[in-house]
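Some notes on the structure that comes next.
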Amino acid sequence: MSRVVGTHTCRPAAHREAIIVVRPVVRPAEPIKVVVTGAAGQIAYSLLYQIASGAVFGPDQPVYLHLLDIAPMMGVLEGVVMELADCALPLLTGVLPTANPEEAFKDVAAAFLVGAMPRKEGMERKDLLAANVRIFKEQGQALDKVARKDVKILVVGNPANTNALICSKYAPSIPKENFTAMTRLDQNRAQSQLAAKLGVPVKDVKNVIIWGNHSSTQFPDASNAAVKIGGVEKPVTAAVNDDEYLKSTFVTTVQKRGAAVIAARKMSSALSAAKAASDHMRDWFLGTTDRWASMGVISDGSYGTPRDVVFSFPVTISGGKWKIVEGLTITDFARQMLDATGKELLEEKQDALDVCKD
Ligand SMILES: NC(=O)c1ccc[n+]([C@@H]2O[C@H](COP(=O)([O-])OP(=O)(O)OC[C@H]3O[C@@H](n4cnc5c(N)ncnc54)[C@H](O)[C@@H]3O)[C@@H](O)[C@H]2O)c1
């Protein structure tokens with residue numbers, strides 16, 4: 001589409017003819033509605049700015065933020081709303097704070113499901129799972145009722161993979177492919193560890209994979225990763241040249257990084273979790289470029305993993321659709337690691353389904 005924006009008459013009057021200058025009309029994009037749950041919490045505190053500033057959906061995409069939290073947090077949420085207003089962000093067209101899931105999920109195109117019950121002292125893993133599965137069952141039902149059918153859902157709240165599975169189960173009108181769980185923080189941690197080990201900028205390491213569950217059974221895998229050194233790309237395995245490090249220290253450092261942050265900060269990772277959530281959703285909306293992303297997605301049994309659990313795989317993304325990277329070699333060591341994390345996901349799934357029966 002174009003419109004005439006002006007005419008020039010710079011020739012002598014006798015030969016005067018209008019030169020029409022035509023410029024394309026760039027219509028501002030329609031705002032999309034984006035929901036963040038747990039909006040009064042610490043991850044959301046960093047995430048909301050990233051979404052509203054254009055870092056996730058692009059610098060030309062206005063957003064209307066829906067903020068969901070529980071009723072006792074509405075006062076705190078009011079303060080967050082004030083701060084968003086005070087940021088004077090040009091892309092932020094409106095904010096809706098609410099404690100009602102159906103209001104929060106109405107017509108959303110993207111959902112960051114961050115809100116979950118934190119682990120309290122003396123709480124068993126199973127108790128935490130039970131509490132959170134109920135939240136994600138209810139939110140699945142609400143999404144099914146009122147969200148756009150093409151909504152892209154990222155579950156951050158733990159246990160993220162199993163919460164995503166349950167959410168999807170209770171939202172049957174939304175494709176299963178639209179429910180994902182976050183393992184991007186683990187990927188970013190792994191990439192950063194390797195960059196530090198090799199003394200290169202973090203951007204020069206790519207294709208580190210996180211397989212499986214976002215838990216201590218996850219498998220951070222550098223066997224297909226590449227690093228650019230002196231302008232030349234080479235396998236990370238060759239550059240590190242220390243198989244024992246890649247199978248032990250590297251794996252456990254990434255697996256235990258969350259606990260290390262809690263030990264130091266006395267609070268769980270929030271800034272880095274928010275950055276990872278932004279990376280995940282940005283790649284999903286705008287596409288991956290020359291590198292893979294790891295995301296928890298519904299398993300089709302690829303690489304001998306259990307079907308119908310939300311398992312983290314390396315994916316490429318184009319046109320808003322993810323695709324599992326095919327044809328990678330799985331070593332005996334990798335096989336053991338994939339089987340262990342797959343087994344845990346099957347157990348979590350069973351526990352979650354038992355809770356949902358109540
Ligand atoms: N996948 C990952 O890599 C990753 C990384 C870090 C943290 N996490 C998880 O993210 C979650 C949030 O972390 P945080 O540090 O922001 O926690 P937080 O306790 O600071 O905030 C959580 C917020 O969720 C809200 N909430 C609780 N139940 C809710 C419900 N039913 N609906 C809406 N909101 C609800 C709480 O009121 C609170 O404001 C936790 O489950 C944490 O374990 C995941």
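Backbone N, Cα and C define each Cβ position, glycine as well.
Here's what TrEMBL has on this protein:
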ACT_SITE  His214  active site, proton acceptor
BINDING   Asp69, Asn132, Val156, Gly157, Asn158  NAD(+) binding site
BINDING   Arg119, Arg125, Asn158, Arg189  substrate binding site
DOMAIN    32-179  domain 'Lactate/malate dehydrogenase N-terminal'
DOMAIN    183-353  domain 'Lactate/malate dehydrogenase C-terminal'
Task: Cα-to-Cα gap, Arg125 (substrate binding site) vs Asn158 (NAD(+) binding site), nearest whole Å - done: 11
Open item on the list: Under 8 Å between C-beta atoms and at least six apart in sequence, can you list the same-chain neighbours of Gly157 (NAD(+) binding site), or say none if there are none?
Closed with: Thr37, Gly38, Leu113, Val114, Gly115, Ala116, Asn132, Ile135, Phe136, Asn163
Open item on the list: Taking 10 A as the limit, how many CB atoms besides its own sit near the CB of Arg189 (substrate binding site)?
Closed with: 23
Task: Cβ-Cβ distance under 8 Å to Val156 (NAD(+) binding site), same chain, at least six residues away - done: Gly38, Ile43, Phe112, Leu113, Val114, Met182, Ala273, Ala277
TODO: Using C-alpha atoms only, work out the spacing between Arg189 (substrate binding site) and His214 (active site, proton acceptor) and round it to an integer in Å.
DONE: 13
TODO: Report, in whole Å, the straight Cα-to-Cα distance of His214 (active site, proton acceptor) from Asp69 (NAD(+) binding site).
DONE: 23
- [ ] Would you mind giving the whole-number mean pLDDT across the domain 'Lactate/malate dehydrogenase N-terminal' (32-179)?
- [x] 96
Open item on the list: Treating G and I as helix alongside H, and B as strand alongside E, what does DSSP give for the domain 'Lactate/malate dehydrogenase N-terminal' (32-179) in helix, strand and coil?
Closed with: 68 helix, 28 strand, 52 coil
Open item on the list: Suppose we screen the binding-site residues Arg119, Arg125, Asn132, Arg189 by Cβ distance to ligand 1 with a cut-off under 6 Å; which survive, in sequence order?
Closed with: none
- [ ] Determine the Cβ neighbour count for Arg125 (substrate binding site): the number of other Cβ atoms within 10 Å of its Cβ.
- [x] 13
Task: Cα distance (Å, whole number) from Asn158 (NAD(+) binding site) to His214 (active site, proton acceptor) - done: 8
Task: Site extent for NAD(+) (largest Cα pair distance over Asp69, Asn132, Val156, Gly157, Asn158, Å) - done: 16
Task: Annotated substrate contacts Arg119, Arg125, Asn158, Arg189, maximal Cα-Cα distance (Å, integer) - done: 24
- [ ] Starting from each candidate's C-beta and looking 10 angstroms out, tell me which of the recorded positions Arg119, His214 has the most other C-beta atoms.
- [x] His214
- [ ] Whole-number Å only: compute the distance from the Cα of Asn158 (NAD(+) binding site) to the Cα of Arg119 (substrate binding site).
- [x] 10
